[in-house]
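Novice: Encoded as structure tokens, here's the structure I'll be asking about.
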């Protein structure tokens with residue numbers, strides 16, 4: 001557990017700490033100008049503390065300070081001090097687990113309307129999965145809906161509802177379309193040309209576009225972690241990265257259809273963010289759609305992979321006109337894959353993002369592995385110039401230098417998440433110039 005010793009708002013804190021792992025509880029201690037943050041596990045808290053020990057975090061120009069708390073777990077007393085969290089609210093945060101069928105605003109309205117008048121619905125696809133905010137006219141209706149629907153499935157055996165009370169006072173809906181709806185204002189436009197269908201909604205219960213009591217509406221870009229990710233890149237984003245892109249889906253073309261498949265694309269694109277789903281276009285065998293966890297991650301993929309050579313083809317990587325990939329028989333789902341790299345230690349993984357290089361880094365190796373075994377595992381891909389086996393924090397890791405960037409890219413694409421000596425190895429590009 002961490003203690004935050006500076007006045008700040010919940011969304012500012014979440015932006016800084018979400019890259020390191022799941023935040024289970026957040027309590028604001030306004031009388032002390034502090035906050036308590038409880039992470040899902042100790043390694044996530046340690047990663048955050050270590051990172052901000054080297055990089056000075058700031059909120060709105062003011063330095064803030066992070067340290068471990070003496071409390072092992074937040075109790076009911078502290079949760080009540082926050083004034084929300086488990087306290088009933090008329091806005092519900094709904095996460096859909098095991099989503100095998102598409103969930104639309106209309107479907108959600110049919111599910112939640114029997115429990116009271118639904119004023120607004122906003123849906124969005126984030127790294128946590130498909131989520132929605134449901135605003136009722138009254139708090140009593142929201143309580144009734146949560147009591148009746150928590151843990152239930154929308155369809156038999158799938159689309160399970162995980163419902164929490166949101167921290168928000170009012171949803172801001174700008175457009176009536178398939179992703180958002182204001183049932184009190186049917187005259188809203190369907191979409192503003194050149195803009196996201198519903199900008200301003202980010203991760204977790206307190207980082208959404210909102211309208212607080214007595215305050216003007218506040219909108220955040222889809223990449224709600226911009227401040228923390230900027231810190232992960234050493235205080236500023238890489239050249240050419242804006243951090244404001246909200247298009248999650250990427251179109252990849254000029255693929256080699258004889259050698260590529262969805263899992264190989266996953267291995268390559270998962271370096272830059274979590275993968276939701278991938279679709280190879282059957283009418284265009286050298287094209288594929290890749291849906292990333294958020295717009296920032298897709299921007300990284302476009303920036304670093306455009307022009308990369310894979311299986312003898314120079315890739316074209318661009319943002320797709322499609323906001324997401326519709327689930328179907330010809331799509332591969334990766335949203336719940338434990339191979340997604342950014343579910344934990346996101347800040348560390350962002351720092352590893354780069355264009356393909358000649359050198360790859362191997363981790364999660366068996367403790368008794370030898371350089372010879374590593375070479376035997378990879379040499380079918382291409383010419384290995386040099387290798388180095390070393391130990392860090394008690395775990396075996398390795399660097400492998402190939403003759404060309406294309407060979408290193410193919411090694412990553414073909415050998416990431418394969419078994420070596422009984423261990424599932426992880427591969428990423430190394431930014432080191434030599435061994």
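Counting begins at 1 with the first residue displayed.
Cβ coordinates come from backbone N, Cα and C, glycine included.
Sequence annotations record features per position, and here TrEMBL assigns compositional bias 'Polar residues' to 179-190. The feature domain 'RRM' is assigned by TrEMBL to 1-71, 248-322, 358-432. Feature annotation from TrEMBL assigns region 'Disordered' to 179-203.
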Novice: Would you mind splitting the domain 'RRM' (248-322) into helix, strand and coil residue counts from DSSP?
Specialist: 19 helix, 24 strand, 32 coil
Novice: On average, what pLDDT score does this prediction assign to the domain 'RRM' (1-71)?
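Specialist: Mean pLDDT across the domain 'RRM' (1-71) comes out at 70.
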Novice: What is the number of residues in the compositional bias 'Polar residues' (179-190) that are helix, strand and coil, as DSSP sees it?
Specialist: 0 helix, 3 strand, 9 coil
Novice: DSSP on the domain 'RRM' (358-432): how many residues come out helix, how many strand, how many coil?
Specialist: 19 helix, 30 strand, 26 coil
